[in-house]
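Positions annotated as domain 'Cadherin' by TrEMBL: 81-161, 162-270, 271-385, 386-490, 490-607. Per TrEMBL, signal peptide is recorded for 1-24. Annotation comment: TrEMBL describes 617-638 as transmembrane segment.
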Amino acid sequence: PKMKEVHCLHAALLCLGVLCYSHGLTTERLNHSRPSLHRHHEKGKEGQVLHRSKRGWVWNQFFVIEEYTGPDPVLVGRLHSDIDSGDGNIKYILSGEGAGIIFVIDDKSGNIHATKTLDREERAQYTLTAQAVDRNTNRPLEPPSEFIVKVQDINDNPPEFLHENYHANVPERSNVGTSVIQVTASDADDPTYGNSAKLVYSILEGQPYFSVEAQTGIIRTALPNMDREAKEEYHVVIQAKDMGGHMGGLSGTTKVTITLTDVNDNPPKFPQSVYQMSVSEAAVPGEEVGRVKAKDPDIGENGLVAYSIIDGDGMDTFEITTDYETQEGVVKVKKTLDYETKKSYSLKVEAANVHIDPKFISNGPFKDTVTVKIAVEDADESPVFLKPSYIFEIQENAASGTVVGKVHAKDPDAANSAIRYSIDRHTDLERYFVINAEDGNIKTIKALDREEMAWHNISVFAVEVHKQHQEAKVPVAIKVVDVNDNAPKFAAAYEAFVCENARSNQQFITISADDKDDSANGPRFIFTLPPEIIHNPNFTLRDNRDNTASVLVRREGFSRQKQDLYLLPIVISDGGVPPLSSTNTLTIRVCGCDGSGSLLSCNAEAYVLNAGLSTGALIAILACIVILLVIVVLFVTLKRQKKEPLIVFEEEDVRENIITYDDEGGGEEDTEAFDIATLQNPDGINGFIPRKDIKPEYQYLPRPGLRPTPNSVDVDDFINTRIQEADNDPTAPPYDSIQIYGYEGRGSVAGSLSSLESATTDSDLDYDYLQNWGPRFKKLADLYGSKDTFDDDS
């Protein structure tokens with residue numbers, strides 16, 4: 001039916017186009033004229049011949065309907081010239097856009113046809129040029145003229161939306177008519193011709209929740225109080241139809257997904273009225289007891305819930321926090337629990353929304369309450385000390401076994417088990433203290449010294465007698481009280497200097513004291529001279545009463561030559577009870593000073609030298625001594641470099657040659673390996689070797705009977721003889737000989753003793769031949785031949 005309707009429309013539009021063309025052609029003939037090849041002559045005034053141009057050919061603007069699908073080409077129009085007499089001498093030519101491809105002209109009749117289907121949406125008009133020429137000569141008979149062929153629109157394009165799918169949000173419980181989103185469609189047809197591009201919007205799916213404005217495409221809410229918790233997402237189908245929405249128009253659709261956003265329109269609610277929980281009395285503060293949760297169907301910040309304890313006997317013992325990830329209230333222990341004191345608690349917990357929307361305050365209150373009952377469970381608790389820490393005092397130097405103090409712990413359980421005490425030895429490595437395991441009394445093992453350690457910090461354990469795993473620990477601080485057991489001493493190693501020209505009662509040094517004892521047994525210090533020298537003729541002492549004392553000169557006229565050093569004993573007493581004192585010796589040197597009292601020298605020898613020699617003379621003497629020493633050193637060095645070798649060596653002397661043999665000796669029976677005479681000292685046989693560096697005090701004569709003959713094969717005797725000669729001859733240097741053996745000799749009947757080529761098992765070897773090798777191999781014969789002997793004995 002649609003195709004039939006379209007064809008009928010095409011036919012009607014084609015007829016309309018032809019009528020317009022005919023009417024235009026007639027109108028053009030009536031109103032316009034062009035110069036023609038044929039001219040009519042007229043006479044004007046005064047005999048002048050006037051020429052009036054006669055109309056040649058006329059046409060109007062042509063129309064052709066788009067999307068024509070008929071079997072024959074569409075007649076667009078006809079061109080005709082007045083000079084065309086119909087004899088076929090005139091030829092019509094068409095040029096311009098689409099000429100010869102889309103538009104063709106009958107060169108005899110001037111009929112223009114469209115050979116292809118046209119689409120206005122691709123091209124709305126074409127500009128062509130027509131001309132009439134002589135068929136034989138191609139001479140133009142008329143000037144060329146342009147005309148336009150317009151493609152007439154038909155409703156062949158349905159409306160299209162900008163997006164295939166739309167997504168929009170609108171708050172839940174919005175008022176009716178709240179704008180959600182605007183959808184827009186477009187039509188490619190000509191909006192200036194008919195209603196082909198006039199669109200009307202309508203809703204196909206989504207009623208009764210939403211509506212759409214027909215002209216604008218704005219989607220609005222149609223129902224009040226839409227609840228997100230009931231339905232969150234809606235699917236709406238919107239249609240856009242052309243031809244003003246009338247029958248026969250084309251349409252397009254789009255889908256719109258509308259989501260209701262959340263608002264805080266629901267208060268939190270607990271699913272039950274009472275929660276039962278339990279916790280051990282051993283739970284520490286901060287430990288979780290249980291959780292409660294109020295349900296709020298809202299989401300995001302609208303569903304946030306905060307929990308608090310508003311009443312109950314456990315408000316001070318428990319606390320509640322909010323876990324915002326799970327939206328739960330976490331009940332925790334706030335203070336230490338005791339089953340023996342209180343066995344149960346009751347709390348009233350409130351859950352309230354964090355963010356409240358004033359628009360929906362009438363839906364409130366946005367909070368709820370619940371009762372939480374907590375039962376405390378009995379636990380096997382560790383012993384508890386009566387104090388969290390202990391501080392004791394004891395005097396230093398107290399005798400071993402002195403009681404320091406007592407700690408006490410008890411079992412908090414109903415059983416009230418007995419307690420045993422012990423000291424953590426990691427805190428008392430020197431073992432100064434011991435504790436009575438039964439009553440907790442702490443005593444000293446050895447004397448304490450405050451100056452060595454003023455405080456002792458130990459830890460005491462308390463465990464139940466029948467449950468060793470239950471233990472408690474408490475810190476114990478022991479202060480060692482000071483006793484005046486250290487006498488005061490000089491605060492530094494003082495060394496005083498007094499000038500020879502010092503005046504009487506002149507102060508030359510101030511001293512102070514130091515005491516290792518506590519301040520109560522230290523200052524104030526009292527400085528005095530011993531009674532036996534209280535009338536010392538040289539120096540006197542003045543106590544400044546500020547823990548210092550000044551030493552003064554009692555007389556004038558000190559002399560370094562007579563006495564350059566004085567030792568002054570000073571008695572220092574402390575303020576302890578009882579007071580202690582010590583005698584300290586102050587060393588005083590007599591020095592030479594200038595007129596202003598500045599120190600010059602404190603050396604008595606320098607004073608003597610200064611009387612005879614000047615400083616310049618001393619420097620000159622030292623310089624001469626240094627020069628003489630340098631000359632002596634150079635002379636000795638040059639003398640040593642010119643010395644000849646200490647020993648004269650002859651070319652024939654082979655005693656220091658290294659003789660290498662690539663064979664190994666054959667043992668004590670091999671007498672041909674080398675000549676023993678090589679080791680002989682040829683010069684030593686006939687006498688001693690002369691040395692040029694020293695003159696021998698006596699000539700060494702070898703003792704007869706000790707030197708072996710040159711061909712002797714007794715190596716042991718030879719070596720012993722050479723050692724005696726070397727030890728007793730002070731003139732002969734030592735001589736060395738190195739003999740290298742590369743292989744075992746062929747003359748030994750023992751063969752190879754190496755284990756490299758031995759058999760892998762003991763059963764392959766026979767050691768009986770060791771019995772025949774003599775006493776030197778008796779030990780090996782006993783070791784390796786004992787197996788057979790043992791087997792025989794068994």
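Yeah, the Cβs are placed from backbone N, Cα and C, and that goes for glycine too.
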- Taking helix as H, G and I and strand as E and B in DSSP, count the residues of the domain 'Cadherin' (271-385) in helix, strand and coil. 10 helix, 56 strand, 49 coil
- Query: For the domain 'Cadherin' (490-607), DSSP counts of helix, strand and coil?
  - Reply: 10 helix, 53 strand, 55 coil
- Per DSSP, what is the residue tally for the domain 'Cadherin' (162-270) in helix, strand and coil? 3 helix, 47 strand, 59 coil
- Residue counts for the domain 'Cadherin' (81-161) under DSSP, helix then strand then coil, are 0 helix, 37 strand, 44 coil
